[in-house]
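Visitor: Would you mind keeping the following structure in view while I ask a few things?
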Amino acid sequence: MEIFDYDNILLLPRKCRVESRSECDTSVELGGRRFRLPVVPANMKTVVDEKICTWLAQNGYFYVMHRFDLDNVQFVKDMHAQGCFASISLGVKQPDYDTVDRFVAEGICPEYITIDIAHGHADSVKNMITYLKAKIPAAFVIAGNVGTPEAVIDLENWGADATKVGIGPGKVCITKLKTGFGTGGWQLSALKWCARVATKPIIADGGIRSHGDIAKSVRFGATMVMVGSLFAGHEESPGKTVEVDGELYKEYYGSASDFNKGEYKHVEGKRILEPIKGKLADTLTEMEQDIQSSISYSGGKKLMDIRKVNYVILGGDNAGEHLLM
């Protein structure tokens with residue numbers, strides 16, 4: 001198995017078939033809905049809040065609300081009241097089961113539920129998927145996070161409708177340093193490896209540092225790409241604004257950091273400051289245009305045409321072997 005990450009790969013262009021990149025369709029389908037981009041902001045406290053999630057849903061983007069200090073049932077009611085789809089995160093502890101019971105008792109069904117724990121290839125996740133499928137069968141269940149084909153096969157067999165792939169490749173994640181495990185440094189290979197066995201959508205989570213990495217993720221099997229640091233640090237971002245030497249920054253920290261947990265126990269995340277980079281809508285527009293360009297370079301008109309291109313692995317003597325021609 002070849003090992004590579006985003007920096008080691010370049011996609012090879014094919015003959016362009018469009019007059020303008022604006023003809024290229026960046027939309028993607030997930031759980032019976034079509035979204036404008038194959039991109040979803042990370043379900044982290046410094047990336048999304050109720051206001052951002054509402055705006056994303058109203059403007060045709062996918063979102064996943066975080067699960068920290070939040071009344072999930074009220075959140076779903078609020079989203080439905082505004083005519084929006086509801087997409088929430090759950091853990092695997094007793095309060096999460098209680099939340100599911102409240103949904104059932106009140107006859108409420110979130111359209112998307114993401115079971116979101118650091119090591120998602122676990123019996124605890126199997127049990128939660130089984131419970132959700134029995135209690136709220138209409139919900140589209142995303143489960144993760146995982147980093148191996150065995151995990152993807154198991155999660156799909158347990159009933160997950162999509163899997164989230166990525167263990168520790170994120171900018172504020174220190175899992176590989178703290179534990180010695182993960183996909184940090186080879187996330188793109190791990191995605192390719194997992195996608196080979198997947199029969200349902202994969203959400204690639206973590207390691208995205210530029211818009212081109214989104215196209216690379218789609219090429220190697222992602223339906224949707226979860227992005228944290230590129231979405232943190234906007235004017236609307238919920239992170240605290242910090243001034244350093246006259247420059248404005250937003251706080252961005254990992255979900256398993258002591259900043260998020262409020263205690264120093266089982267810490268696998270850190271805090272950084274992201275320079276404030278304008279409005280979220282502008283970044284999403286730029287992302288859309290860049291992905292349209294990627295599609296035009298792929299010789300196609302639709303997002304999944306990116307999957308047909310060849311690629312080279314940089315930095316190895318054997319780069320030529322990987323041309324698929």
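A Cβ is built for glycine as well, from the same backbone N, Cα and C atoms used for every other residue.
Remember, predicted model here, so these are calculated numbers, not experimental data.
Below, the features straight out of Swiss-Prot:
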ACT_SITE  CYS173  active site, thioimidate intermediate
BINDING   202-225  NADP(+) binding site
Visitor: Three states by DSSP: which one describes SER217 (NADP(+) binding site)?
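Guide: Helix, per DSSP.
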Visitor: Check the DSSP secondary structure of ILE202 (NADP(+) binding site), expressed as helix, strand or coil.
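Guide: Reduced to three states, the DSSP call for ILE202 (NADP(+) binding site) is strand.
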Visitor: Tell me which residues of the chain lie with their Cβ under 8 angstroms from that of ILE214 (NADP(+) binding site), as long as they are six or more apart in sequence?
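Guide: Residues satisfying the criterion: PRO38, VAL39, ILE208, VAL225, VAL227, MET287, ASP290, ILE291, SER294.
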Visitor: Using C-alpha atoms only, work out the spacing between ASP205 (NADP(+) binding site) and the residue listed as 'active site, thioimidate intermediate' and round it to an integer in Å.
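Guide: Distance between the two Cα atoms comes out at 12 Å.
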Visitor: Taking the Cα atoms as reference points, how far is the residue listed as 'active site, thioimidate intermediate' from SER217 (NADP(+) binding site) in Å?
Guide: 19
Visitor: Looking only at Cβ atoms, how many others are within 10 Å of the one on ILE208 (NADP(+) binding site)?
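Guide: Total other Cβ atoms inside 10 Å, all chains included: 27.
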Visitor: So how many other Cβ atoms are close to PHE220 (NADP(+) binding site), meaning within 10 Å of its Cβ?
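Guide: Its Cβ shell of radius 10 Å holds 26 other Cβ atoms.
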Visitor: Tell me the Cβ neighbour count for the residue listed as 'active site, thioimidate intermediate', meaning other Cβ atoms within 10 Å of its Cβ, over all protein chains shown.
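Guide: So the number of other Cβ atoms within 10 Å of the residue listed as 'active site, thioimidate intermediate' is 25.
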